[in-house]
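Chemist: Okay, these came from TrEMBL:
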| type | residues | note |
| --- | --- | --- |
| BINDING | ASP19, LYS20, THR21, GLU119, PHE160, LYS182, ARG216, THR296, GLY297, ASP298, ARG447, LYS453, ASN476, ASP477 | ATP binding site |
| COILED | 230-261 | coiled coil |
| COMPBIAS | 381-392 | compositional bias 'Low complexity' |
| DOMAIN | 499-753 | domain 'P-type ATPase C-terminal' |
| REGION | 376-403 | region 'Disordered' |
| REGION | 807-827 | region 'Disordered' |
| TRANSMEM | 530-551 | transmembrane segment |
| TRANSMEM | 563-583 | transmembrane segment |
| TRANSMEM | 612-632 | transmembrane segment |
| TRANSMEM | 652-670 | transmembrane segment |
| TRANSMEM | 682-705 | transmembrane segment |
| TRANSMEM | 725-746 | transmembrane segment |
Amino acid sequence: ARTTTLNEELGQIEYIFSDKTGTLTQNIMTFNKCSIQGNLYGYVMDEAGNEIQDPEKMKEIEFEEKDDDFTWYDQKLLDEIKKGDKDVHNFFTLLALCHTVMPEEKDGKIIYQAQSPDENALVSAARTFGFVFVNRTQSTITVRLQNKEETYDLLNILDFDNDRKRMSVIVKKGGKIILFCKGADSKIKERLDPSEKDIMAETDEHLNKFATDGLRTLCLAYKELNDGDYNKWAEKLNKANTSMEKREEKVNETYEEIEKNLKLIGATAIEDKLQDGVPQCIERLARAGIKIWVLTGDKVETAYNIGLSCRLITNDMEIYIIEEDSETAVEKKLLEIRNEMMKKIEQLFGVKIEDKKKRLDWKDWGIDVMKFDQHRKATDNNNSNGNNQRPNGHTAATTDSGTHDREQFEGFGLLITGQALAFALSDKLKMKLLELGTMCKAVICCRVTPLQKAQVVELVMQNEKKITLAIGDGANDVSMIQKAHIGVGISGQEGRQAVLASDYSFGQFRYLERLLLVHGRWSYLRISKFLRYFFYKNFAFTLCHFWFGFFSGFSAQTLYDPFFVATYNVFFSSLPVLALGVFDQDVSADHSMSKPPLYTPGQNNEFFNKKIFAESVIHGILTSCIIFFVPYLSVSNSTRPGGMTQADLQSFGFMVATIMVIVVNLENALETWYWTGLYHFVLWGTIVVHFLFHFVLYSTIIYQIFKTNYGYVGVAQSVLSTGNFWFTLFLTCTILLLPVFCREFFRMRFMPNKTDRARLNQKFRTEEKAAFVAHIQQKLRQSKRSIRSGYAFSQQQGWGPLITSGRMQSKSATHARQQQQPTQNNN
């Protein structure tokens, strides 16, 4: 925890904005599939031509040198390499040359240091297949291609950034100048030569297949340059680099000029597996009423599959996709989706939306988004007749048992691309986007930039007035983390920028579940109780002075001993409420996790609001009245056993103070749900300390030591020795505490809330069997899907300028090359 002021807000989260790569996934990339000139590699087929998906039925190919996580089963690719296929050679040559990886010698082996895990995976894969990146200098790249070491002159690195979403290198070998480029499919496709249309169509099919499998995709292309054209371009690039105005824009424009009419080589597919426990975590957070928006750099198909894999979206959801590329088209699509939503709601829930222009909101129709089936069941039962007529006029099919065979519906989901999001976030359309987003259970924004992530968070924060949380692991998530109410950083593969910018940090996404559903909910519960009790006890204490003013002529005479006034909040009413505020819990951590709906009171401010504040104030006022007037009436006409009156100021003040301490601490005990040994100690210890403190303070010993004329000497012994005091104490406690006890007793029995039911279930375990059966049924309904992920570059600027400037140098790998004999796998 990097802050101590936001704990209670953890129990009030309504929106979570999450990165995908490294947050939902492990950010440990492995080369998995590839497409080279229309040929697909990485899929193993059986004799009937069907894909074999079970790894146990496939034989893993052994390589001389490979990473621990790398596995490959497709023999076809190795056969093509042995044949010397030119396209395959170009494919792996590009992977070995087009990157900003730095090699380092360690224990006689070359270790790659890459800016992003994607680049490391691609360069390592090329090494495994015999195309080894060996070393680089400021102006050269040394590679070992098929047991033959070659050195390429490095002319330029056209580095990656968030807008370009691609990188290129220009190298020279044997008088030939070649530009190698790799990047997002949408960017490469725009820059291909028209003659590549057919091969791109084939590769597109492969890219869609990769995305459906949840893999991170990347396209590769190249272009041969002649000396004259290159020299003219290099001169223009030099002018752009030395320009004093708009340097970056001019450099990017120059890059655009050379990255045209490219020849497509193929595409890569990298696997990034989901972290452990992510699907279960997201499912529970959704059941807690928290809406999750995933902001990712992947393409729509990949994002959709990831949403299914982590149970963010389901097949029973109504999914809408926005990927238009103009403001007019986006506006039209938003309106179309809105109309479809209204039509669907009217059809399924039997409601009539009178005002079509009013903002859509489930609460306006009394529909709980967590209980769609209950609302639809009631609607069907109330509106069906002998002909099984649906509210929308269609005839409902019935099973043999007579029940309605209704379409499954689990809410709406929305997918929007970064290109469409740029228009949707404009002042004209942003409220329309927000309206649709808030109607959905899940929103996925694809191909988004770091700035767009922050803009989405800001849109929800400013207009919804809800508590938001952003979670991410990389530098591209920092703006989003800083913008949200609560920022969570994950310590991952991409440095500590996100952690340093966050309020809380941990190692895996699944820990967010415990942070919110357990610690966040407990913190909100505790601070709410603390505040209620704090106002109550201080109103009860202070207003006794006010009532006394009527009997002292408003002379400012204090009712209590000045020492009691100074120590009441410090010693006699602080420790029990602090113990409550630190340790109290309504149900155990396991029950908090297994019953996510218990989280919703925090979202609705049910435990502390204006009404509860007013109740605390009124309770304090009534308590002060009883504590003052019951003792006043009991001592006003009473006498001590010796015949002296009890109605002196000191005796009356001590009596009121003692009753005050006992009543407010017992009231605290009634507020506490979780009794521990420590709480027993501070509760009863506080009351005992009150008596001991006043016995000592009011004793003759203090008088003899300090020789002061202290009017309270002997008061404690005198008051506590009378039956009148003890009867008054019992009567006051009964009047004040018995109604509170009875109210809670009857409320828990006849009007229990979610917490009361959960506490009874925890005690008697009445719902365990039903929960077990429901869990089994849910597992049977779920479809089996591959848990994988999709591709995106690192969101930081690359290392290109550092390499070409000579400021970043790799450690010499000469010794490693001498010791490491070139080998090639022969399977």
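Placement of Cβ uses the backbone N, Cα and C atoms for every residue, glycine included.
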Chemist: Six or more residues beyond either end and a Cβ under 8 Å away: which residues meet both conditions relative to the transmembrane segment (563-583)?
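Modeler: Tertiary neighbours of the transmembrane segment (563-583) are 526-527, 529-530, 533-534, 537-538, 541, 653, 657, 660-661, 664-665, 668-669, 671-672, 674, 676, 678-679, 682-683, 685-686, 689-690, 693-694, 697.
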Chemist: Looking at the transmembrane segment (725-746) and the transmembrane segment (612-632), are there 3+ C-beta pairs under 8 A, with each pair at least 6 apart in sequence?
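Modeler: The answer is yes, given that the two segments have at least 3 Cβ pairs within the 8 Å cut-off.
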Chemist: Using all protein chains shown, find which of the binding-site residues THR21, ASN476 scores highest when you count other CB atoms within 10 A of its CB.
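Modeler: When each Cβ's neighbours within 10 Å are tallied, THR21 tops the list.
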Chemist: Can you name the far-off residues of the same chain, 6+ from the ends of the transmembrane segment (612-632), with a Cβ under 8 Å from a Cβ of it?
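Modeler: Hits for the transmembrane segment (612-632): 528, 531-533, 535-544, 546-548, 551, 559, 652, 655-656, 659-660, 663-664, 667, 728, 731-732, 735-736.
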Chemist: Rounded to a whole number, what is the top Cα to Cα distance in Å among the residues the record ties to ATP, namely ASP19, LYS20, THR21, GLU119, PHE160, LYS182, ARG216, THR296, GLY297, ASP298, ARG447, LYS453, ASN476, ASP477?
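Modeler: Maximum Cα-Cα distance: 25 Å.
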Chemist: Would you count the other C-beta atoms found within 10 angstroms of the C-beta of GLY297 (ATP binding site) for me?
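Modeler: Counting Cβ neighbours of GLY297 (ATP binding site) within 10 Å gives 28.
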Chemist: Counting Cβ atoms within 10 Å of each candidate's own Cβ, which of the binding-site residues ARG216, ARG447 comes out highest?
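Modeler: For the binding-site residues ARG216, ARG447, the Cβ with the most other Cβ atoms within 10 Å is ARG216.
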Chemist: Across the coiled coil (230-261), what does the mean pLDDT come to, as a whole number?
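Modeler: Averaged over the coiled coil (230-261), the predicted model reaches a pLDDT of 89.
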Chemist: Just to verify: the residue among ASP19, PHE160 with the fewest other Cβ atoms within 10 Å, which of the binding-site residues is it?
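Modeler: Counting other Cβ atoms within 10 Å of each of the binding-site residues ASP19, PHE160, the minimum falls on PHE160.
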